[in-house]
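Here's the structure, in structure tokens; my notes come after.
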Amino acid sequence: MLNIAIAVFIGGGLGSVLRWLISYRLNSLFPHFATGTLVANCIGAFIIAFGIAWFSKAPNIDPIWKIMLTTGFCGGLTTFSTFSVEVVALFNEGRIGWALGTMGANLAGSFLMTAFAFWLLREM
């Protein structure tokens, strides 16, 4: 059990740092749109889908790597809570169009990246 907690801790730390770097670099490009959150969520959706599909095809890989990648890394990288706060803040500021656009972009982007990852691994 301790080794699983350590794996989640390491993966989560790495994913969180990557999310911070992405947001740090991208959020200043478009002040009215949280580009960093969108990119982090889409990358995370791709990685977790690709990882789950990959691990299902490679049963000999130690399951600790799966938990480190999915729960740890992708859990640290993706952020539903930040996405929610950003959307509610936009609604509270009266920027309804931006709020709806942010919701649509995050949901559609994440679903599309998930589907793309599954398709890509199937084609490999």
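Note: Cβ is positioned from N, Cα and C throughout, glycine not excepted.
Its Cβ taken as reference, THR78 (Na(+) binding site) is surrounded by 23 other Cβ atoms within 10 Å in the chains shown. DSSP assigns THR78 (Na(+) binding site) to coil in the three-state reduction, placing it in neither a helix nor a strand. What Swiss-Prot lists as Na(+) binding site is GLY75, THR78.
Residues 36, 39-40, 43-44, 64-65, 67-69, 71-79 of the same chain lie 6+ residues outside the transmembrane segment (2-22) yet bring a C-beta within less than 8 angstroms of a C-beta in it. Annotated transmembrane segment per Swiss-Prot: 2-22 (among others), in sequence order.
Here Swiss-Prot flags 35-55 (among others) as transmembrane segment, drawing on sequence analysis.
Annotation comment: Swiss-Prot describes 71-91 (among others) as transmembrane segment, evidence class sequence analysis. Panel annotation: around the transmembrane segment (71-91), residues 7-19, 34, 37, 40-41, 43-45, 47-48, 51, 98-99, 102-103, 106 of the same chain, lying at least six beyond its termini, place a Cβ under 8 Å from a Cβ of the stretch.
According to Swiss-Prot, the feature transmembrane segment maps to 100-120 (among others), an assignment based on sequence analysis.
Proximity of distant same-chain residues to the transmembrane segment (35-55), defined by a Cβ-Cβ separation under 8 Å and at least 6 residues beyond the stretch ends, is recorded for 15, 18-19, 22-27, 29, 61, 63, 65-66, 69-70, 73-74, 77-80, 82-83, 86, 102, 105-106, 109-118, 120-122. Taking the Cβ of GLY75 (Na(+) binding site) as reference, residues of its chain lying under 8 Å away and at least six apart in sequence are, in sequence order, VAL8, GLY11, GLY12, GLY15.
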